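Notes follow once the structure below has been shown.
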Amino acid sequence: MSPRERQAALVLFSGGQDSSVCLAWALERYDRVETVGFDYGQRHAIEMQARQAVRREVAARFPQWAERLGEDHVLDIRSFGAVAQSALTADRAIEMTERGLPSTFVPGRNLVFLTYAAALADRRGIDALVGGMCETDFSGYPDCRRDTLDAMQAALNLGMDRNFRIETPLMWLTKAQTWGLSKQLGGEALVSLIVEESHTCYQGERGQLHAWGHGCGTCPACELREKGYVEWDMAGREALAQ
């Protein structure tokens, strides 16, 4: 399929590294790209602020993408966060639970996000739902697995009589390869934007800017982001091969 053959996409956009790369990926391929974010009672408001910063800087630094960047939607689903509590929505330690999952796992989060995104996409006339889910460097979250997303895609299409596609460009990439994809899509300018503006840290830390971005440097999200950056940097900062 040639670039930008399909017309519109809706990116599930948190303002983190992965969804920021997915936004750039979609902007390279679609004529119109809208974004959707979810207020589900996250402990740190910085996540919602980062979304706007990334969108603003993408439009400012990449004029070729600015004309394709469409409307942003923010959906209030805090009632879901109150039910599906985790270390991301409540003041809890980040640790492994008895189920073998990190306490940062929000049960059903991606399933809920995709349901809301599909309902929005239906209204907006969009078939492609783009998300940053990944099996390679993920934290064991079952709703990041491709088989989960395939089942969700089938359920949405059956239940809404549509032909949605859940696209996951990072699914089989390591974090180092995700940095390489950033370089491929937008050069060092996009890498710098993601370092400076995106937010990953579970602790909401924005005070210190490391080579790989803002963050506490000790939570699992920061450690994974730093590890990927260091591996990519030491390997020569190459763009991901197409």
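Quick reminder: no glycine exception, Cβ is built from N, Cα and C everywhere.
Given the structure is predicted, the values throughout are model-derived calculations rather than measurements.
These features come from Swiss-Prot:
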type	residues	note
BINDING	Phe13, Ser14, Gly15, Gly16, Gln17, Asp18, Ser19, Ser20, Val21, Cys22, Leu23	ATP binding site
BINDING	Cys201, Cys216, Cys219, Cys222	Zn(2+) binding site
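A map of Swiss-Prot features onto the structure.
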| residue | record | DSSP (3 states) |
| --- | --- | --- |
| Phe13 | ATP binding site | coil |
| Ser19 | ATP binding site | helix |
| Cys201 | Zn(2+) binding site | coil |
| Cys216 | Zn(2+) binding site | coil |
| Cys222 | Zn(2+) binding site | helix |
Long-range Cβ environment of Phe13 (ATP binding site), under 8 Å and at least 6 residues apart: Ser19, Ser20, Cys22, Leu23, Thr35, Val36, Gly37, Arg51, Val54, Arg55, Asp72
CB contacts for Ser19 (ATP binding site) [other CB atoms within 10 A, all chains]: 23
Nearest of the binding-site residues (Gly15, Gln17, Val21) to Cys219 (Zn(2+) binding site), judged by Cα-Cα distance: Gln17
Non-site residues, in chain order, whose CB comes within 8 A of the mean position of the CB atoms of Phe13, Ser14, Gly15, Gly16, Gln17, Asp18, Ser19, Ser20, Val21, Cys22, Leu23 at ATP: Val11, Val54, Gly132, Ser198
Among Leu23, Cys201, Cys219, the most crowded of the binding-site residues [Cβ within 10 Å]: Leu23
Neighbourhood of Gln17 (ATP binding site) by C-beta distance under 8 A, where only residues 6 or more apart in the same chain count: Thr178, Ile194, Ser198, Thr200, Gly213, Arg225
Most Cβ neighbours inside 10 Å, all chains, among the binding-site residues Val21, Cys216, Cys222: Val21
Gly15 (ATP binding site) and Cys201 (Zn(2+) binding site), distance between Cα atoms, whole Å: 11
Distance, Gly15 (ATP binding site) to Cys216 (Zn(2+) binding site) (CA atoms, angstrom): 17
Packing count at Gly15 (ATP binding site) (other Cβ atoms within 10 Å of its Cβ): 23
